[in-house]
Amino acid sequence: MSQFNNTNIIENTPINKMHQKKSNILDIFTLDNIRTNHSSDKVFFKITSDKPLSTDKLGQHFDNTYHTGLNICSIPFETKGSCVDGGIYFTDKDNILKFLFYGIYLRKVDLPLDDPGFIMVKDPDSCASSVKWRASRVILGNRLNLRDISTFKYLMSLGVDINVDNDKPLRWAASRGYYGLVKFLLDNGANVHAYDDEAVQLASRNGYLNVVKILVEYGANVNANNDYAIQMACKYGYNEIVRFLVFNGANPMANRYYPIEIATEFGNKLIVRFLLHQDKSMVYKSYAMDIAVRNENWDLLNVLLLD
């Protein structure tokens with residue numbers, strides 16, 4: 001137990017408070033922050049991407065570049081504040097899948113407890129629904145690809161709920177077009193209707209027809225959120241997704257004709273023509289023509305006039 005006495009592990013306390021009784025340091029150490037080497041159910045993980053990215057983009061915090069083995073924070077460690085740049089962030093196995101949008105690689109985190117430069121705090125923004133820590137240095141294991149089903153099987157073997165946080169893994173996989181993973185999650189209890197059927201909306205918005213199809217096969221509601229799925233497919237020009245959604249019950253006149261409005265706005269001629277055949281009323285056609293004139297899209301206007 002003597003190895004703990006020189007290890008700076010604190011929970012939202014200034015570094016100068018570390019000069020207290022050794023028993024108190026031990027209490028902080030054993031009661032909350034570190035059970036990873038003493039309890040089989042406390043396992044830490046981190047999600048990383050291919051390259052360092054700032055928090056306003058998809059990726060990990062700030063400018064740390066991560067590799068297998070010992071990683072040391074490139075700037076001075078900060079003991080106060082939340083989501084600050086002075087520290088390497090990670091969480092435990094029960095929370096790791098809540099941070100999927102930070103990258104595509106899962107890494108096991110071990111703590112260099114014997115390293116005198118090791119400092120660790122629990123982030124003050126941590127709550128019952130989302131817990132994270134940061135440390136001055138950590139030991140990262142090999143990368144496991146979160147796009148691979150085998151990685152999720154590994155997490156399941158540790159008792160991780162792979163449908164955590166309103167089925168975030170399903171919504172994440174659908175938004176990125178990971179068909180095999182989407183099917184695996186659905187076959188293992190994921191709720192296709194989670195978050196107001198967000199999975200099918202995200203897959204439609206990002207153009208993944210095969211994912212849209214399997215979600216609908218498993219019962220996804222294509223009319224959810226005021227037919228958001230078809231609206232986004234019309235906006236981004238995904239003709240086949242628009243057709244599939246309409247043939248499976250999506251409303252081409254949803255939200256006061258928004259599908260044809262947005263398709264016309266973005267000049268998606270094939271979609272505009274398809275939508276016009278769903279409602280041959282002059283009101284619908286005139287609406288599209290007005291938008292084409294406003295945008296001076298004479299090519300599309302010609303299509304509308306001749307259709």
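The backbone N, Cα and C atoms fix where each Cβ goes, and this holds for glycine too.
Per Swiss-Prot, these features apply:
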REPEAT    135-164  repeat 'ANK 1'
REPEAT    165-194  repeat 'ANK 2'
REPEAT    196-224  repeat 'ANK 3'
REPEAT    226-254  repeat 'ANK 4'
REPEAT    256-284  repeat 'ANK 5'
REPEAT    286-307  repeat 'ANK 6'
State the mean pLDDT for the repeat 'ANK 2' (165-194).
98
What are the DSSP helix/strand/coil residue counts across the repeat 'ANK 1' (135-164)?
10 helix, 7 strand, 13 coil
